[in-house]
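Worksheet for the structure shown next.
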Amino acid sequence: MIAMQPETQLKTALKNGFDPNILYKDPLTIVKEPMCTILEKHSKIPVDKVVSHVNKVRDRAFAVFPYACIGQFSFVELSIAASPYYPEMLERVKNGHKLLDLGCAFGQELRQLIYDGAPGESLYGSDIQQEFLNLGYELFLDRATLPESHLIASNILDRQSPLFTHLTGKLNIVYISLFLHVFDFEQQITVAGNVLDLLAAEPGSLIVCRVTACRDQGVLNATAERMPYYYHDRASWEQLWEVVQKRTGVKLCVDTWEQPDELVKKHPLPGIYILGSAIRRV
């Protein structure tokens, strides 16, 4: 049985009084680097059109699914290159390893990799919303660069979905940013196990995460009454991977750190911070 999906969670939250407009930020007046340069150089958008282009795509996306990362323009603040594991990720992909951005939204982090020299044929993205993947092409204007067959609309909890049909055991790296918190703790264990199955069953297979965490779980996770998410702290994150190892029998080396992030400054919920983590198969 497939567990509750994010869009079902949102419908439940709206019914319980959650107002998505608190997640909607006024239109941008400037697009920060490196996104601005990527849109100019990679997407060939004239510099004087970049801001209006981004605003239009954001509004269309927020109408499809009102996530905070969309309403607050988090998708223009690229994060993958800030990971201390990015040099390894980029080098491995340049050498033929395959990388999946899970919960990729517009696939913006994939475009960072491509801009930095990664071949599009080694990159994959997946999101539950096909419209997000389509809007990614509208944002970056690059259908010729990133194969459409490499952007897969799937539910990571559904092992019969195209993601598993096409990629089980074939990936070397999975990047997960601001995605896992939309699942409860038990569902996150399932997601982690499924991700391990997508990766090659060999030492060095790597998961790199950017995780929404909180200082006071008791307070913040109480928001589950309206938006049933699960926010980690460092201890619960480490516990998650201990459980995953016990249930799967796969030995993992888990590296975790707290990292500065622009998201923290504008997140509407209290006590938010960002955990970075790398989970390597031993």
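Glycine residues also receive a Cβ, built from the backbone N, Cα and C atoms like all the rest.
So that you can see what the record holds, here are the features copied from Swiss-Prot:
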| type | residues | note |
| --- | --- | --- |
| BINDING | ASP127, ILE128, ASN155, ILE156, ARG247 | S-adenosyl-L-methionine binding site |
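Features as recorded by Swiss-Prot, highlighted on the structure.
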{"residue": "ASP127", "record": "S-adenosyl-L-methionine binding site", "contacts (Cβ under 8 Å, 6+ apart)": "GLY103, CYS104, ALA105, LEU133, ALA153"}
{"residue": "ILE156", "record": "S-adenosyl-L-methionine binding site", "contacts (Cβ under 8 Å, 6+ apart)": "LEU102, GLY103, SER126, ILE128, LEU163, VAL191, ASN194, VAL195"}
{"residue": "ARG247", "record": "S-adenosyl-L-methionine binding site", "contacts (Cβ under 8 Å, 6+ apart)": "ILE189, GLY193"}
Quick check: in three-state DSSP terms, what is ARG247 (S-adenosyl-L-methionine binding site)?
helix
